[in-house]
Amino acid sequence: MQKEGGRIRAEEKELTIRTGDIPSFKLFENEKVFAFLDINPLSRGHSLVIPKFHGEKLHDIPDDSLNEILPVAKKIAQAVGAKDYNILQNNGAIAHQVVPHVHFHMIPKPNETEGLGVKWPMQETDMDKLKALFEDIKSKM
């Protein structure tokens, strides 16, 4: 394990949590998924659900490893009593991914100030361009 200035590099943090080198508050574990409380929570119950299969981005993870993630996040949200919450998963540094291992945040949103703050700058679109994009994407799926 490499350290930068006495701190574990972010990309190794989740691995060391899974292997027990860093203590964690494990909420759930099976052969494909591991879930634990975030140690820097945005709100009470902020948790991470991660696949055990290593992949940096969502498209690197096999479907069978992804199948159990949302049901686990759902169970955590219910256990926490979250009425409102965000499920967040970032892919790539420009999209604010710090740890290069796929992970899903379940972030309760109990009020306007706690939890995830999201600004969504909507913009109007050209419907012909949107239709062309739709056809392009659909043909590749």
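Just so you know, glycine gets a Cβ as well, placed from its N, Cα and C.
Note that TrEMBL annotation is computational and uncurated.
Mean model confidence of the domain 'HIT' (13-116) amounts to 92 (pLDDT, 0 to 100 scale). What TrEMBL lists as domain 'HIT' is 13-116.
Annotated motif 'Histidine triad motif' per TrEMBL: 101-105, in sequence order.
The Cβ of His103 (active site, tele-AMP-histidine intermediate) has 20 other Cβ atoms within 10 Å, all protein chains considered. For His103, the entry in TrEMBL reads active site, tele-AMP-histidine intermediate.
The list of residues near the motif 'Histidine triad motif' (101-105) in space but at least 6 beyond its ends in sequence, with Cβ under 8 angstroms from a Cβ of it, reads 11, 14-15, 38, 46-51, 54-58, 60-61, 69-70, 73, 86-89, 91, 116. According to DSSP, His103 (active site, tele-AMP-histidine intermediate) sits in a coil region rather than a helix or strand.
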